[in-house]
Amino acid sequence: MLDSLYDWFWWDRVWLPVNLTWSDLEDRDGLVYARASHLYVTVPYTIAFLLIRYLFESLIATPLAVSAGIRQRVRLKAEDNPTLEHYYISQSRNPVQADIDGLSKKSSLSVRQVERWFRRRRTQDLPGVLKKFREASWRFVFYISAFIGGLIALHDKEWFYDTREVWEGFPKQSMLPSQYWYYILEMSFYGSLLLRVAFDVKRKDFKEQIIHHLATLVLLSFSWCANYIRIGTLVMLIHDASDVLLESAKVFNYAKWEKTCQSIFVVFAIVFMVTRLIIFPFWLIHCTWVYPVLQYPAFFGYYFFNVMLVVLLCLHIFWAYLILHMIKKFMFGNLTRDERSDFEEEEEEEEVESSLTEDEGEQQHKLGNGCSASETEEKNGGSGCMSPPENMHRSRPVC
């Protein structure tokens, strides 16, 4: 059963054009071809990337953040309450009113106190600026290194200037060392991002990011096995071009260099639109859709590869919509957050801080009417309301 499935999966007609077999891609006469077994090395490299990232964030990004004046924000901690904690972890972070009433009875707290507990508990889980800065710094370092490395590897290749050359001699195209390392490092990096996605900052486009990472890994793996390496390197290069600018804009934003952040973001928006919505569909997808069938009949791999490129294009259109929405706000002077990245976290943090400030004002009003702190605490069921620390403030605008 497994042998039959294996043979079907690696059937020549799935991966290669008609009249070609895997035996045609055996290494000979000094020519080296990509093999699926080469991809096993991405597993230890993925683990290595996770280790390097940990060391980078600890030894480089954190001191850099401190020098830029970024500190870990001290947030209010919710009081220990096993009943509410169990509901928070197993049921929902945002209970409906009916559940709040039930939790109020179970925990012997007032409805107001239950609502306040959930607000404080949610803010405990919000990522701090320091964590965001470390993540953005790490991605910036990789993307700029990958982009420069990609330019060095491709600047003297014919297919970098003429996409028709991508298919010259396909699929009997020998793999170059620069192509090998470009692929292996990119795949290992995206593999590390996928393993870390549950622990990194969850953004508004969390689901789209997972789809993007999976589609990228599937696309790179397939293009490697089917020897679509030339077009694969071009796809990686144009993606890295705009990612460098996006992560650098985030770094400057978290460091509160707002004018620099906004300037870089404008450049990023232009580069994103040109590379992802013009070059990608009208040069690269056109190259993979039109030119191959001029040399051989379409086969499964041809359709599969193009479908995966279209999936990436759909994600580009989604992100372009968010970027244009931000540009609209930027032009009219009311841009207050990153529509693509940190919308949900900042929105919730502002809600929490606003509510806590309201609670503190309410308590001060009671004290001003002659109630002592102990009386107020007693009226609230024996659980005092901690006032927010002085350094808790509203997040600055995100470019």
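Glycine is treated like the rest: Cβ placed from N, Cα and C.
Under the heading DNA-binding region, TrEMBL lists 69-125. As annotated by TrEMBL, compositional bias 'Acidic residues' applies to 342-361. The domain 'Homeobox' annotation in TrEMBL covers 67-124. Here TrEMBL flags 131-332 as domain 'TLC'. As annotated by TrEMBL, region 'Disordered' applies to 342-399. The annotation transmembrane segment is assigned in TrEMBL to 45-66, 140-160, 180-199, 264-291, 303-324.
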- line: When counting C-beta pairs under 8 angstroms to the transmembrane segment (180-199), the leading stretch of 45-66, 140-160, 264-291 is 45-66
Summary of DSSP states over the domain 'Homeobox' (67-124), given as helix, strand and coil counts: 35 helix, 0 strand, 23 coil
Message: What residues elsewhere in the chain lie close to the transmembrane segment (45-66), defined as a C-beta under 8 angstroms and at least 6 residues from its ends?
response: 130, 133-135, 137-138, 141, 184-185, 188-189, 191-192, 195-196, 254-255
Query: Do you know the mean pLDDT across the DNA-binding region (69-125)?
result: 83
